[in-house]
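In Swiss-Prot this protein carries:
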type     : residues : note
TOPO_DOM : 1-57     : topological domain 'Extracellular'
TRANSMEM : 58-78    : transmembrane segment
TOPO_DOM : 79-623   : topological domain 'Cytoplasmic'
COMPBIAS : 524-536  : compositional bias 'Low complexity'
REGION   : 524-544  : region 'Disordered'
REGION   : 600-623  : region 'Required for targeting to the cell membrane'
Amino acid sequence: MPAREVYLKRPATRRQLEGICTRYDGQQRITQLDCEEGCSKRTQPPQRLNPRYKSPDLIHISFIIVLLCILSMTSSVVAQTTTGSSSSKAAATPILPRQTLPTTISLPPLNISHPVLQLALPPTSSLYLTFSICSLTSNATILPTVLISTSSPASFNLGSKPIRDASTGGIPTSSGGKGYNYKSGRNGATWGLKWSSGFGNWTLNGTSETQVHLLLGLGLGNDGSTLNTTGVGNGNVVVQMGASTSGPLHALSAVYPLLGDTTSTSALIFSPLLYSSPQPEPSYPNYTLPGAQLAFPDFSYSEPLNSSLSSNLTLIVVPTNASPTSTDLGNSICAINAASANSSVSGANNTILKSFQPEWMTVGDEQGFRSYWVLGDLAEQGNYTAWVSDDKGVLSQPAWFATKPAGFPCQLVMPNDVCPNLGYSAPLDANSTAVTSPSGATISPTSPIQTLPDDLLELIVQNLEAFSTSLLSHACGRDLFSHVSSCLDCYSAYRDWLCRIVVPQCGAANSTSGATVIETATSTSTSSGTFPTPSTVLRTPSSPRNPSLPIPAYSYYELLPCMSTCNRADRSCPVSMGIRCPKRKVNAAKSYAFVGDDHSYGDGSAAQGVAAQDRWGNRWCNG
């Protein structure tokens, strides 16, 4: 079938919008879009035209309409000419007008009937392209090949020995990706896009204007001409492309949402650490420790963030069985948005509580600012996938969590000014304040506990004040105290230990069938496959953890504190403060969780090889 040429036609007047002129077998067909006058029917050679308008407000919308019309008309044409040379294909390639940049568009679908698409971008010295796979065919293993050329004429032959090219894009494995893009040799001008779970990117940073050509295909070989559509499957592959000359419109962050904890129908989720803000170290001679009730600093929007995410975040949560991660599209923002549109459990109808700006806390063993969300009306023992995205187009890595079984008795407790390390379920009386959605439906019959009960609060405050008074009698702020820690380190470690002992964390009933010691662990907690089994023990009103503390009115399984919480306080504080931790081979298993009998390994700290939580926030001990 002879190839068709598609190009933009220059208008006769500045007020006109260009027509799309198509020449096929020497006969020209003209499709007009809002032309004030008829388009000329003279045969015109293909050319790239810069549109002119009196009304700048219409430029962006008008050119997107033109581009989409061009692409929809040419996708089938290009697919039928894939056996031709690269140069001949480029001659009939539609050009994205410069005025549409920056823009995000969904390209015409690729399928068994139309497996190839080619287009060109306007000459530029700087270009940032991002790609997301919105959907796959019935054969989810077939990903579209994306070849990029800056040569003239375009050549899409990647060669038999392409090299990695980190300078143009791709996502390194250290950031949750699958590697960098490929390039056709050190001085080559052809690149192959490397997909990372449905996301890819490519960047041009040159010194002179260059025209960029793209060739996308299903079953397309790296030579840009071999096409094998066997096994492509039914349905469409849809790719969303973002193009800009000033910076990428979409990006991936290597960080994850952090799970606080779940109940049977609710979940507490924190953002990644946005801004690290350790407590300021006092100095001698005016060495003063923080009060029992901390004065939290305000979040400063002018401070540089520790995360590639901005502070304006949106939480996205969908059931895992409806998640694009099931087809390895967990980094595709358009696939995630489609799943969220159909199955979201993180919208207004599921939100019990959320922060309006980042707040200071010490969850995740890090001092600094995070945002949080509490979701309700979730399924019992449900599996969910979560992301956070920001207003700059940056997407986090996906995190997975599960809700507890029916009958789970404990309540979610939020970080507060006395115990900023909380953020989990605890055996406290329920806050019976019901939460309803904007439509009036009940999201949850209870609310998270934001202030501790008076008896627990008074107990913690009294202990902190007494400990502070005793600690300040030492040589705080002077070399005589310690070469490795300070009085503030000691006081902070004691606060962390005290809060976890007085406000224990609840665990699931089926964790270890009552066992309190984990015998083996072969890896750090960053590997979910070898993550230690949560260490829980049954607590009842008749056999509480500590009879001198307020006793819950119901039975629950306690997730034991990590041995590291006691060890940290022991190491940081003077011997005279009297902090002593139990021995592993003696009686430590009654009160603390650890791995093995070697005191130098597995206490729940990252320094000892098995951190308390994995990268998503799932814990095997409370620490």
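From the backbone N, Cα and C atoms, a Cβ is placed for every residue, glycine too.
Beyond the region 'Required for targeting to the cell membrane' (600-623), the same-chain residues lying 6 or more positions past its ends with a Cβ under 8 Å from any Cβ of the stretch are 256-260, 270, 364-365, 399-401, 424, 500, 504-505, 518, 521, 524-528, 531-535, 559-565, 567-568, 592-594. Averaged across the topological domain 'Cytoplasmic' (79-623), pLDDT in this predicted model comes to 89. Taken residue by residue, the region 'Required for targeting to the cell membrane' (600-623) breaks down under DSSP into 3 helix, 3 strand, 18 coil.
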